[in-house]
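Notes to accompany the following structure.
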């Protein structure tokens with residue numbers, strides 16, 4: 001960090017002083033040689049002989065940061081004066097191709113939109129099938145640039161689209177930013193539910209009243225249903241130095257992997273069969289996690305529909321000295337089960353808001369995936 005202090009002189013005073021970059025300037029392809037390097041396979045292997053999706057999340061996070069460093073590269077400096085950190089996982093959509101641990105995987109990506117201090121990164125993942133690489137997933141991350149000591153925002157190079165396709169990507173980045181702002185402004189933490197959502201919750205409440213008693217307090221579960229409070233799993237991680245990044249904070253990909261694995265276990269326990277991830281969205285990195293922290297993860301099924309299970313994971317930290325807990329992340333995962341799953345019912349108003357939030361995230365999914373066991377991936 002002492003070395004990084006000296007890089008302050010390379011930071012731009014405004015974005016106008018930085019040379020524009022093209023999308024191809026940050027384009028990277030990276031090969032994960034699972035097929036040609038069997039010793040690497042062990043790290044990515046599940047007991048079902050598929051690829052661990054949590055490891056893929058770690059790789060995507062690392063690649064997103066690398067792409068942003070490419071976009072902002074200063075050729076006269078040996079080390080970048082920027083600290084690039086993950087702000088948000090906007091969306092990861094599975095293309096439903098199976099992941100074999102015995103075939104090479106290819107990642108590619110580039111910066112697709114730029115603000116003053118933030119960048120949107122589009123990434124794709126492919127796996128070798130026969131002689132060609134077939135698409136597995138599409139991911140959109142939002143990264144932010146900080147100064148060399150990670151203490152304040154820093155300007156990033158502007159982006160110039162060069163073709164109609166690139167202009168459309170850039171326009172989509174603007175739309176994504178607007179959508180995120182709109183989604184945030186209508187958050188249930190800020191605004192009351194819509195009339196339709198209120199009706200949904202009231203009808204669910206009425207369906208749980210005991211017909212034998214005339215009381216609002218006597219509640220019974222409808223057939224094939226589970227109380228939301230009974231769908232939780234929790235875990236604790238001690239954040240060791242092994243998981244730190246170059247800024248001496250815990251690597252974001254590690255947090256995503258741990259949250260995903262707990263969410264998968266929650267969906268598995270709830271649905272009674274092996275679930276498959278179909279979408280990851282709206283992972284907001286609100287606060288960095290310090291080395292030595294206790295990381296508390298709480299996972300809960302908050303919405304179900306047919307074969308789908310929407311899982312929310314809440315992450316908070318506490319230092320070993322202080323008892324106070326601070327929220328660092330909230331993760332949203334959409335899983336699909338091999339068979340139809342029970343309905344989940346809220347009991348309290350707070351759980352009702354979690355249910356509606358889960359429903360909103362489920363409805364924002366690009367499109368329902370078709371259940372094909374050989375086309376989906378496990379943890």
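Each residue, glycine too, has its Cβ placed from N, Cα and C.
Feature list (source: TrEMBL):
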- 24-149: domain 'HotDog ACOT-type' (DOMAIN)
- 229-341: domain 'HotDog ACOT-type' (DOMAIN)
The domain 'HotDog ACOT-type' (24-149): DSSP-derived helix, strand, coil residue counts: 28 helix, 56 strand, 42 coil
Within the domain 'HotDog ACOT-type' (229-341), how many residues are helix, strand or coil going by DSSP? 25 helix, 55 strand, 33 coil
